[in-house]
Structure formats: C-alpha cells, structure tokens
C-alpha cells in the first residue's frame, strides 16, 4: 500500500512539474486560462506517455480529441452549408440565403493546427465561417488539407493552392455568385502560413486571371529557419503553443527525421547555403524596438548537419523568405499578433517587410492575447479573447472587402 502511494505521489509530482507555469497577470479570464492550460498540458503529456509506451503514435491522442469537436454541415436560417470537393481537396461552403442584386465577396479560410491537426469541421472554424458569411453577406469557403506526419510539405501547400486556384475560375465564381474583384484568403496559425504562401503564389501565377484582393493572417507562422527569436525565448513555455511543441509540429511537417527536431531546438538545422536568407528574418532590424528589448541577435549555426530538406529554404514553407519584389505584388493585408505567442515575431516582421515595400497593412496587436485563443470562443472554456479576435478580423473584412 505504501509503495503504491509513493508511486502515485511521484506520478502526481511529475505531472504537476510538467504542467506548472506562471500565467501572466494581465491575461483576461485568468482562471479559465489556467484551466485551459492545465488540460492542454495534461493531454500533451498523456500523448507523450502513450507514444513512449507504444500504445499510440505521436499526435494520435490529440487528433482524437480534435475530432470530438467536429461538426456536420448544418444550414440555418441565414446560411446554406454544404461539404464538397474542389479537385481533391475537401471544402465546406457557406452560402448566404439573403438575396443580392450584385455578386458577393468571398472569403477562403484555411484552418490552423500546426500542419498536423484540425479541420474546417471544428466548432470554432464552423462558427467563424458561418459568422463571416452572415455578417458580410459573403460566400465563405472553409478549406481542409492533408495533414502531417502522414503527409509532409509541400502537400499542405499544394492542397490549399489547388483549391484556391479552382475556386478562382470564372465558371466557379459565376456558379456561386462571387465578385472576382472581392476575394480574400485568410488563415490562423499554420493556416496563416498557408494563406500567405498561397497568396504569394496566386499573385505571380500567370495562369490565374483573378487575383486576391485581401489577405488576413491571424497569429501566423511565417518562417522555420530561425528558432531563437525574442518571442521564442519569452514564450518558450506558452499557454497553448510552447516552443518545444511548435518545433515538433514543424519538424513533423517537413520530415520523419527526429534529429531535425533536436537540431531545431539548438537553432542548428539550416545549411551553409542558406546564409543569404537570414536578412529576410533578421529580427534585430525588422522588429520594432519595444519587442527587441534587451535581446542580443546571434546568427544561427549553419552547416552543422547535412540535411537534404528543400522545405528549409522554400518560400512556400516560409513566406517571410520572399524577396522584396515578390512582396510588392501582394494585396492589402491584415495581420493580428498576440503578445504571449511563440510565433509573435513572425507576424511583426512580416508587417515591417510589407510596409517597407509599400503594401497597405493593418496590424492589430493584443497585449494580453495568446496563440490559439480563437479555437475556444465557442467551446470550453468559452474565452472572450477568442470572440474579440473574431470580431476584429471580421470588422476589418467588412471595411475592406
């Protein structure tokens, strides 16, 4: 009995040490966030344990939990909702029931989930896209893509780009009554990465007649070449997204080689020939002073490993690596960043780079915000922060689309 109690005590102590964190004092709905963090860390801990015991593969438990939140394509009094396929990519369409004498705007939304999880079927994304369609009287397309680790880069980009290119055809736009001059591509987190990469590609693709009017990126992941930005250091033990989890997800996105994860943790994963790319993500010049604080810029160690991974230097994986002439083609942009976010500085640097080449940028920064809050606006713990992010995003769309 004593031995069992000791084992239980040690297990509880291990769990407590694993999930412990100090939540910033200015976080809204403090106790809700603590509960959310505790549940999230417990789930990732159990996922790790199941993997080590050989019960499940890494991420399987999280995927099962995500699937419990999936919705059916249910229409309501304002919007007709249907699931269909664009080429080989699953999409969910939201078509307003209100009559319109003119063709409607359209929003294509790409979900987040670290390239490994998620779907337009999640309650949060279904609610967001339904809300957007109703508020803007717009056609909304929720887009899915193949997930890692079963499918590596560039599968996620290719699925997203193919679906967007299909939608931009004249016959498809006519079918859904969409104004070809009023189309936005949006996404959050890894979906923001895909939205940015797809928008860059659409704007330069000579086969695509109709271009994107707006892009909206909510706490986007925009580069994978430097894993030691100030936001990585300040939010290493983030509320939802920790630095370690982010590195694991990105590593799963590009390879099955587990040594890449270790190299990324040490910021030693890039090849020698990538040196010229770091000017595009040099936070010492691209971050506003208030975010640089007392951090000292140190160039990553290059060439330590001989990884043959094209994704590491591909702008489709890291839209921040696009050169200035490529960025000049981009449409008006909305970027939302959160202070307590491991990938905060990706969005901040993209704001600077776009503004430097003359792209019109609207930037909202939430001082008490954190990564992933949008997912919990209509699911426990029902965070007001998620609703605020939704409203800021949709308000910008309403004014500009």
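Each Cβ is built from the backbone N, Cα and C atoms, and glycine gets one as well.
Annotation comment: TrEMBL describes 1-17 as signal peptide.
Residues or ranges marked as domain 'Alpha/beta hydrolase fold-3' in TrEMBL: 107-261 (among others).
Per TrEMBL, the feature active site maps to 189 (among others). Packing around residue 189 (active site) is summarised by its Cβ count: 29 other Cβ atoms lie within 10 angstroms of its Cβ, all protein chains included.
According to TrEMBL, the feature domain 'Alpha/beta hydrolase fold-3' maps to 312-374 (among others).
Per TrEMBL, active site is recorded for 341 (among others).
What TrEMBL records for 371 (among others) is active site. In sequence order, 189, 219, 238, 239, 240, 241, 338, 340, 341, 342, 343 are the residues near residue 371 (active site), counting only same-chain partners six or more apart with C-beta under 8 A.
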| Predicted model, mean pLDDT over the domain 'Alpha/beta hydrolase fold-3' (312-374) | 98
